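Take a look at the structure below.
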């Protein structure tokens, strides 16, 4: 591996995620990859390591499969709750396909909540729906609501498989456009709408259009702030998870290209499920698979010489529960030493 400017005070890039633990400014960490490559195990394990060096860590799953509950053997939901056995690691699971109606609700008791109580009424809701991607994007507001009200030092996202991941990262931009469009329409037709709504008894929850607009503007500012943070390499990074196979490597390369186009930093790759048969092993299948894996591992190292590439072994047992996750997480910072081949 060649040296790069990304590493300070060292001649080579460590095959670990230690650099993420040392980066004290880091606030947002996305973990993503193709389905079935150990993405959730990696994100849970990274969150465990971060909890050792940070005051408070929030792990969020945006994968509809919601594997966090399975990984820790504990039920998580839409509200952040502490992971059993930790006093500074919390987790939550949100549905990225959450309906816009859940968030653009009808005011009432929630009228003071800029995200849950926008109270837009039928016409404004139709306008919101007309903006591509806004239905999915609105669930991002749920994340912002949690993050804003609870001050976590670092947030780890266990994202959905590759395609969904990148869509999720576009959500702040989609929402900014949606809210800007609604603000523009409302400023043009606001007085007329207010008089029509006044004649009909106003919007649900007794709000007027100006109140709704100010709530939307406050939401837009929050989204803009988060969007800027996502593009700041001091605050945000993306950890790619893959296995040493052609399709997974192809997906990883595509993902890295897209992340670069979104100006999102990525400099760590975790390669899971590697076989390390000993030199006395009689398993021909293991040796053949290892040969194939070495080929793709060499490609990964050639393509990403300025990345921290972490090599994780194929394990005999499933990584589930606090103890096994802690063991796995240790290998993210202390490289696994394979037997001699």
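Glycine is treated like the rest: Cβ placed from N, Cα and C.
The ATP binding site annotation in Swiss-Prot covers 34, 35, 36, 37, 38, 39, 40, 41, 245, 272 and is backed by sequence analysis. Counting only residues at least six positions away in the same chain, the Cβ atoms of 292, 293, 296 sit under 8 Å from the Cβ of residue 245 (ATP binding site). For the recorded site, residue 245 (ATP binding site), the DSSP three-state label reads coil.
Positions annotated as active site by Swiss-Prot, on the basis of sequence analysis: 63. Note on residue 63 (active site): other Cβ atoms within 10 Å of its Cβ, all shown chains, come to 25.
Residues or ranges marked as Zn(2+) binding site by Swiss-Prot on the basis of sequence analysis: 283, 286. The number of other CB atoms found within 10 A of the CB of residue 283 (Zn(2+) binding site), across every protein chain shown, is 12.
In this structure the alpha carbons, written CA, of residue 38 (ATP binding site) and residue 63 (active site) are 13 Å apart. Taking Cβ-Cβ distances under 8 Å and a sequence gap of 6 or more within the same chain, the neighbours of residue 40 (ATP binding site) are 61, 63, 67, 68, 70, 71, 158.
Comparing the binding-site residues 34, 38, 286 on other C-beta atoms within 10 angstroms of each C-beta gives the minimum for 286.
In the three-state DSSP scheme, residue 40 (ATP binding site) falls into the helix class.
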